[in-house]
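Here TrEMBL flags B:16-36, B:48-67, B:79-103, B:134-157, B:194-215, B:235-256, B:317-335, B:356-377, B:413-433 as transmembrane segment.
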There are 2 protein chains.
Amino acid sequence: MIKPLKVRKALKLSPFQLIVLLYLTGAVFSSFLLLIPIAHKPNADISFIDAVFVAVSALSVTGLSPVSTVDTFSTTGYFFIMLILQVGGVGIMTFSSMVWLLFGKRIGMRERQLIMADQNRTDLNGLVKLMREIFLLILIIEAVGAIILGIYFTQYYPTVSEAFLHGLFASISATTNGGFDITGASLIPYANDYFVQFINMILIILGAIGFPVLIEFKDFMTYRGSRKYGFSLFTKLTVTMYAILAIIGIAGIYLFERHSFLADKNWHESFFYAAFQSIASRSGGLTTMDLNDFSSPTLLLLSILMFIGASPSSVGGGLRTTTVAIAVLSVFTFARGKNTIKVFNREVHPIDMHRSFVVLVTGTFIWGMAIMFMSYLEPEIALLPIVYEVSSAFGTTGSSLGITSHLSTPAKMILIMLMFIGRVGLFSLLFLIRGKEIKEAYHYPRERILIG
Amino acid sequence: MIKPLKVRKALKLSPFQLIVLLYLTGAVFSSFLLLIPIAHKPNADISFIDAVFVAVSALSVTGLSPVSTVDTFSTTGYFFIMLILQVGGVGIMTFSSMVWLLFGKRIGMRERQLIMADQNRTDLNGLVKLMREIFLLILIIEAVGAIILGIYFTQYYPTVSEAFLHGLFASISATTNGGFDITGASLIPYANDYFVQFINMILIILGAIGFPVLIEFKDFMTYRGSRKYGFSLFTKLTVTMYAILAIIGIAGIYLFERHSFLADKNWHESFFYAAFQSIASRSGGLTTMDLNDFSSPTLLLLSILMFIGASPSSVGGGLRTTTVAIAVLSVFTFARGKNTIKVFNREVHPIDMHRSFVVLVTGTFIWGMAIMFMSYLEPEIALLPIVYEVSSAFGTTGSSLGITSHLSTPAKMILIMLMFIGRVGLFSLLFLIRGKEIKEAYHYPRERILIG
Ligand SMILES: [K+]
Ligand SMILES: [K+]
């Protein structure tokens, strides 16, 4: 077993550097796993860049793939992918959170409070317990999902073991928001099966809503105190934002598709198509239809939703819901003539506003650069599929208009970097390059300038 | 003559509302001017929506047009367009600045300081003088441009009066960054004439660099004091940003086009094509080539540059250079582990950071929504020309990939709104809806949340 404290001390790494190092090590390890011949179907061949691509895609729980999982990988390969999804979606996250909390003393109490978004849970004794709790919670969710889907799938597959393999893979892929499939066509085979879609949506939401939310909800369910249970600002904000984004997605898909894709569908078909694709755009990446059947405005809307991504401290990626929530609140605060963001009877710290600004600007810059250079590298591909693919990679969503397998190696490398950045999170990456927070020794005179 | 103080008092308008009202009145007036039959060529017909489009396009000094100026408008029409360009580019700007400064007492000293970006020039006596100075400066620049171009154009046109009509129109169109042309093909007829291009670039830059910069530069030239002349932070920041954006544009065009459009051009042809198109993307909108000959990444780069736009308090539009400069500085400040933006031996006020954040978020939102709804309204048009057109309208740049005349009326209305917003400036518009700045009477407990 790796002893993070020793490794960190020997290499003089900051907790943020350790987290990034962990992901990098995980990526190398996963690539090796997927290059082992036993992981492949007989006669199936996979190039080096494609193995790395699938490895990073699985580790970042994205789900983009230049090769067909079902045609390329053996059952052993399936288990490798499930393992990587598990490590990438839940393992490194909880492990790195623990590392952050345990050894992150240097960056101070303030940073440690961040991770759980609750000031009352940062005592060291409770931390290991908390991490075990998160890990266990996810395992239970996955197991319940696998059993329900496994039993249900017996009507779809000839043998019980095949049904349960599909159930297990589907449950892990949905809960970790991995987005991989072994049906060869995502959830399209279940396009008319609302039960399978419903279970998948629940699992996707549970994975992407944020671990602190799950823990607080569990606490809330078992809470027996006399006062009202107090959810943290983080939980209120991220759950609200999650719901708002889901509704915007559903309403937008309905608006843009009511005379085209949804024209010949009845209300419950329309609802499930809209709801599933909206929920999946948060980070799930599974789909119940060929996304090329959607029109341009819908695909742009989904691109924006994927770019925003999921909650921080979840299995998802992207800018993260809280970043965008703070941005929106900041605009409303300004419009109301106020300077401090007040929400849910709490005030948002000015530093968090500065941070969301930094994440938003950097994220949008990376997104724009990626689109520009992808269109330079792939002159034959139209702008829309590129925007969609880049947003999908950055949001670690993994749905695609089908261009992934046609990309050149440099374009694949751009996507690999985006998936990595999207998963590790811009904030952690920015802390990598950030110097130690220093008390400013001197001040210049302030001077006003014209804006906008 | 309108008496702004009386109008404002009678209607109980804030200075910001008055500015927007001025632009709206200007738009109605301009539309009427362009609908008068005397403004049209014999047999040329223009629809109501197209007249409004051209009127708003000229008033916002954008230059997008669904009709050909040369085929539709008579010489009288040309003069109407020049008048509207003048009023929109310089007139309303200086007039509204004056209104803001004279009657803007309610919004406080702080706001008034903003407009000139210099704390030493806000005494009321000096203001009217200052505004006259700006107006005069622009008129002199335009006159010099018109005379130089007029004389030079005698080699292009059969009569002296025709040469001077072209010189005058070109000079006003370039200085106000209007982007209209009466050649029928922008500056493409002068694609090999570096002298015409050079003069046009100078005029475009003088218009778009910001009026305070011009005034300070004039002061600097006539300054005879013993101490070093002190340029304002605004001037340093906006001139630096202008130069950086110009260089990024030139370098980007060269990188993306060196094996395609520039492949068969020698170094000075390449330089002038890159330089002109880069400078024009700030807000000028004129072009020396068919922009469809550029590849996708170049057009995306130009779209981003147009979206950013010109300096505040200039004839240009868009997000404005200072907004983006503060955003970039904010990221670097964060990366260095500091919390206050220090630049040119000055500290940027935290309120200006908040403002640039608000403008950036709102601007990007409007830009994204416009692209999405344009692609909904125009399913036949590909994403790239739509992105280009929307960026061009918001940045009041006015260059196009040629889709303007093919748009439906609702799509034209979106562009009309974008040109209007881009010109008035998001900040003024946001102040429209903003309540009176209130001292916060109460505070909630602060709570940290996870970002990005
Ligand atoms: K995914
Ligand atoms: K223009």
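Cβ atoms here come from the backbone N, Cα and C positions, even for glycine.
Remember, predicted model here, so these are calculated numbers, not experimental data.
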Among the recorded stretches B:16-36, B:194-215, B:235-256, B:317-335, B:356-377, which has the greatest number of Cβ pairs closer than 8 Å to the transmembrane segment (B:48-67)?
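When the Cβ pairs under 8 Å are tallied, B:16-36 comes out ahead.
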Near the transmembrane segment (B:356-377), which same-chain residues lie under 8 Å Cβ to Cβ, leaving out any that are not at least 6 residues past its ends?
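Residues packing against the transmembrane segment (B:356-377) from afar: 307, 318-320, 322-324, 326-327, 330, 383, 386-387, 389-391, 393-394, 407-408, 410-411, 414, 418, 421, 426-427, 430.
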Check the transmembrane segment (B:16-36) against each of B:194-215, B:317-335, B:413-433 and return whichever range has the most CB pairs under 8 Å.
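Looking at each of B:194-215, B:317-335, B:413-433 in turn, the most contacts to the transmembrane segment (B:16-36) are made by B:413-433.
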Residues sitting near the transmembrane segment (B:413-433): Cβ under 8 Å, six or more positions beyond its termini, same chain?
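Same-chain residues near the transmembrane segment (B:413-433) but 6 or more away: 14, 16-17, 19-20, 23, 27, 49, 52-53, 56-57, 59-62, 64, 88, 309, 312, 317-320, 355, 358-359, 362-363, 366, 370, 373-374, 377, 389-390, 393-396, 404, 407.
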